[in-house]
Amino acid sequence: MDADAHSMSRSSDDRKVTASIDDSKIPVLEDGVGAETPDAGERRTVSASTAIDPAAERRLVWKFDLRILPVLAVMYLFNALDKGNLGNAKTAGLEDSLHLKGDDYNLILSIFFVPYVLTAPILGIAGKKFGPSRVLPVMMFCFGFSTLMIVAVKNFGGLMACRWFLGMAESAFFPLVIYYQTLFYRRGELARRLAMFYAASNIASAFGGLLAFGVFQIHTGSLANWRYLFVIEGGCSMLFAVFAFWVLPYNASSAKFLTAQEKQLAYYRIQVDSSAIVDEEFDLRTALSIFRHPTSWIILAIEMCLGVPLQSVSLFLPVIIKRLGYSTVKTNLYTVAPNVTGAVMLLALAFASDYTRLRFPFVALGFAFTFVGFIIYACVDVHTQLHVAYFACFMMTWGTSAPSVILDVWYNNNIADENKRVMLTSVGVPVANLMGVVSSNIFQNKDAPKYLPALVTTACFGAVGCVLTLLLGAWMVVDNKRRNGKAGKVIRAQDIPSELLRDGPSVDEYRWSY
């Protein structure tokens, strides 16, 4: 099933894992046969070179896949629906119903990102202290309630307030999901799992278009048809949050669906190939020290470049497609195919990334898709080259999803300290989302229907992101070669136990995952 689920071959001089665990309960192999284990209950330090039974590990990972990923995917589907439904509602008369004028709509979109950035690190820390399995459902219930309250708004001020609290509630959602999955999966297993989770946002955009298509057929009742969209999405989010609070395990050690032997195996996997110290207590000073590394600031710059095309597609794809001359109903329907293919491309690149254990080439490829898609759409005549323009919309979705997931996996693979990992993720993801302020203000009504300044600006961010990614990846390759030359042997990042990665690039044993 998983190539990375097989045992890792390590040299005999590998250091010992620092945590003492009951390895008599870990299914191991020695020279291809079952190895004798010490007496039950005997505790000793376990070598990182212990060969795990691949069949037992596959069964364990399969349990995680069945119990955790579907719940997280549905949660993120509602997260994306509640965040991006304004674009659908706008095509059905939201601006007229609420008497929005001038740049009011752009301001409504922008205000979401202010509390999003301000509260994300705080909620990220709360997730580390109290557990993502508890904080995530509470956040989901709150953003579902904020979405539901939009049904009652009558003017600009009411919508502004709802979007403010929606931004607060959604702020640390994606960062905490990333951190949560690192508690269950190895570094080489993470990209495709996050991709399957993140694909829910593409499916949400597609499903949102279909849902809007159906809801906008309602022409009876006491509410404007676009308001029913918020009733359905907000109400379902609140209901599913209650279910998620009940079903998500706090961590592998407390998962009721695992046997005692599987819990030991789960702990060992993360100890040697994800976290230097599993379930480490939160320490703010340690967490903030991640920003002493120059690479962290380059990652944040890449996140900024990613944020503009990501938010432009998320917020304005219906508006972009409407330029092709379709009716309101068909416009929402024609957003489905680009979003579905975006999910497919995301999964393809993520699986390829995990298979090759390479990250930055696939991030750069996504940025290239973004750049080319927006340039094509800006340059073609939609009246004479309608199909080319619509194909460019597909490239836009190809180029926004994959870099987001693989970039987050890339820097998480290089951080073995759980405190540093959750801190950089809780800052990096909101920084990308903060660029929604740029996206929501470059698509001006005065530039309709072509929105040329917005298209060119978004393409430029894609190009700069591609260049920065290639430069950082190339530097990591060169630095690894330098370290190998100094050590006199070739060592790969995946061959090093997580405990040796704890102190980052300041130690000679460190190798970059690129």
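Cβ from N, Cα, C; glycine included.
Per TrEMBL, the feature compositional bias 'Basic and acidic residues' maps to 1-25.
The domain 'Major facilitator superfamily (MFS) profile' annotation in TrEMBL covers 68-477.
The region 'Disordered' feature in TrEMBL is assigned to 1-44.
According to TrEMBL, the feature transmembrane segment maps to 105-123 (among others).
Marked as transmembrane segment by TrEMBL: 135-152 (among others). Here the transmembrane segment (135-152) has long-range neighbours at 75, 78-79, 82-83, 85, 123, 126-127, 158-159, 162-163, 165-166, 168-170, 172-173, 176-177, 180, 223, 227, 230-231, 233-238, 240-242, 244-245, 248, meaning same-chain residues at least 6 beyond its ends whose C-beta is under 8 angstroms from one of its own.
What TrEMBL lists as transmembrane segment is 195-216 (among others).
Summarising the annotation, TrEMBL assigns transmembrane segment to 228-248 (among others).
With a threshold of 8 Å between CB atoms, the same-chain residues lying at least 6 positions outside the transmembrane segment (297-321) that come near it are 80, 83-84, 86-88, 90-91, 109, 201, 205, 209, 291, 331-332, 334-335, 338-339, 363, 367, 370, 374, 377, 390, 393, 396-397, 399-400, 403-404, 407, 410-411, 424, 427-429, 431-436, 438-440, 442-443, 451, 454, 457-458, 461-462, 464-465, 468-469, 472. According to TrEMBL, the transmembrane segment annotation covers 297-321 (among others).
TrEMBL lists 333-351 (among others) with the feature transmembrane segment.
Residues annotated as transmembrane segment in TrEMBL: 358-377 (among others). Non-local neighbours of the transmembrane segment (358-377) in the same chain are 191, 302, 305-306, 309, 320, 345, 349-350, 352, 388-389, 391-396, 398-403, 406-407, 409-410, 413, 455-456, 458-459, 462-463, 465-466, 469-470, 472-473, 476, 513-514; each lies 6+ residues outside the stretch with a CB under 8 Å from one of its CB atoms.
Here TrEMBL flags 389-410 (among others) as transmembrane segment.
If you look at the transmembrane segment (422-443), the same-chain residues 6 or more away from its ends with a CB under 8 A from one of its CBs are 103, 106, 109-110, 112-114, 116-117, 120-121, 123-125, 127-128, 171-172, 174-176, 178-179, 287-288, 290-291, 296, 299-300, 303-304, 306-308, 310-312, 314-316, 319, 404, 408, 411-412, 415, 451, 453-454, 457-458, 461. The transmembrane segment annotation in TrEMBL covers 422-443 (among others).
Annotation comment: TrEMBL describes 455-478 (among others) as transmembrane segment. If one looks beyond the transmembrane segment (455-478) by at least 6 residues along the same chain, the residues whose Cβ comes under 8 Å of a Cβ in the stretch are 295, 298-299, 301-302, 304-309, 312, 359-361, 363-364, 367-368, 370-371, 374-375, 377-378, 399, 403, 407, 435, 438-439, 442, 512, 514.
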Per the Cβ filter (under 8 Å) with a sequence gap of at least 6 from its ends, the transmembrane segment (228-248) is approached by 67-68, 71, 74-75, 78-79, 81-82, 85, 88-89, 133-134, 136-138, 140-141, 143-151, 211-212, 215, 218, 221
